[in-house]
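Encoded as C-alpha cells, the structure appears first; notes follow it.
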Amino acid sequence: MEASHILHSGYFNETLRSWHGSNTLLSTNQLIYPVFVTDLVPDESSEEIPNFPEQRRYGVDALLDHLSPLVNKGLKTIILFGVTNSSCKNPTGDYASSKDSPVRRCLPMLRAKLPSLTIAVDLCLCGYTSHGHCGILKPDGTIDNQASITRLAEIALDFAKDGAHIIAPSDMMDGRIDAIKKILLVNNLGSSVAVLSYSSKFASCFYGPFRDAAQSAPSAGNRRAYQLPVVSAGLAIRAAERDVNEGADMLMVKPGGPFLDIIKDVKQRFPHHPLAVYQVSGEYAMLWHAARANAFDLRTAVIESLIGMRRAGADILITYFTPQLLDWLKEAQQY
C-alpha cells in the first residue's frame, strides 16, 4: 500500500477527528430559538399546538417564564412570532402596529427582564391579515408589492423602537430590505438594528406545523407567486443577491435539510454575509416522530442534521430543538 493511501492515521482519535471539522462545530452562539407569543390565552398561560409536538404558544408573561431558565442555560437568541385572534385581523394587517399586539407588548419586557438575550422579530403580514397572505392584496387578489413593502417598513420601525435587535422579514416581497433599511436609517436606528433577510425562502410543504402554530394559512390561493419554487436554484441565488445589494446584514435559507445545495451555493456566492438556516417545523416534526417510532436516537439525529447544515455553509441555526441542544452541547462540550 502506498503511504499516501493511508488515511486512518489522520483520524484515529477524537482530537485528530475534530481537526477535520472546524466548519461543523456546534455551539450555543449559533442557535436561534423560534418562539410564539399570543393573545389567544391569558398572559400567564400557554397552550399546546396541534401537529407540533412539544411546542406551545405563550402568553406574554408565560413566555418570560419559559425563556428565563433557558437564558440561564446559555440561550443567546430568539426569533419571535406573534399569533393573534382572528377578530383583530384585517386586509392590511393593521393590528401588527397596535401597542396591544402580543409582540409589541412583550418586546420591552423581554429587553428589561432578559438584557443578555438578543431578540429577532419575524416580520410578515400573514399573521395579521384576514386573508392570510404575506402582503397587501389588490382587488383581483394578487400582491400589491409597493403597498406591502411600505406597510412592512412601518411595522419594522415599530418593532425596532420597541426593542428588537434584529428585524427578520419573511414575506419575500421585492424591495422590502431596501424599504426597511431606509426607514431605520431615517429614524436613527440604522446602525443599531440588524436585518436578517429570509432571502432564499422556498414554497415548501415542510411549513405545515408552523401554520397551525401561527394560524397563518392563506384563506384562498397559495404563496407560490412570491415564495421560491422548490425546483429553482437560480432564483435562490438571485433573491440572495437582491437582498445583499439592498443592504441585508444576514441571509437565510429556508427550509434547511432539503436544500443543502442551496445553502452551499449561497454561502459560496456571499461568503462575507452570515448565513442562517431554518430547520423548519416539518423537519422538526419528522425527526421527533421518527425518534418516537424508534427509527433512531433523537439527539444523534438532530446533531447530525445540524452538522450537515454547518458543513454546507450555515453560520446560524434556527431550530425548535434549541432547548434540548443547550443541554446536549453542554454535555458533549462540542461536536
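Glycine residues also receive a Cβ, built from the backbone N, Cα and C atoms like all the rest.
According to TrEMBL, the feature active site, schiff-base intermediate with substrate maps to K201, K254. Taken from TrEMBL, the feature 5-aminolevulinate 1 binding site covers R211, R223. The 5-aminolevulinate 2 binding site annotation in TrEMBL covers S281, Y320.
With respect to Cβ neighbours within 10 Å, the recorded positions K201, R211, K254 differ, and R211 shows the lowest count.
The two recorded residues, K254 (active site, schiff-base intermediate with substrate) and K201 (active site, schiff-base intermediate with substrate), have Cα atoms 5 Å apart.
The CA atom of S281 (5-aminolevulinate 2 binding site) is located 14 Å away from the CA atom of K201 (active site, schiff-base intermediate with substrate). Distance from the CA of Y320 (5-aminolevulinate 2 binding site) to the CA of K201 (active site, schiff-base intermediate with substrate) is 18 Å.
Other C-beta atoms found within 10 angstroms of the C-beta of S281 (5-aminolevulinate 2 binding site) number 24, with every protein chain shown included. The C-beta environment of Y320 (5-aminolevulinate 2 binding site), restricted to residues of the same chain at least 6 apart in sequence and closer than 8 Å, consists of Y33, P34, Q55, Q279, S281, Y284.
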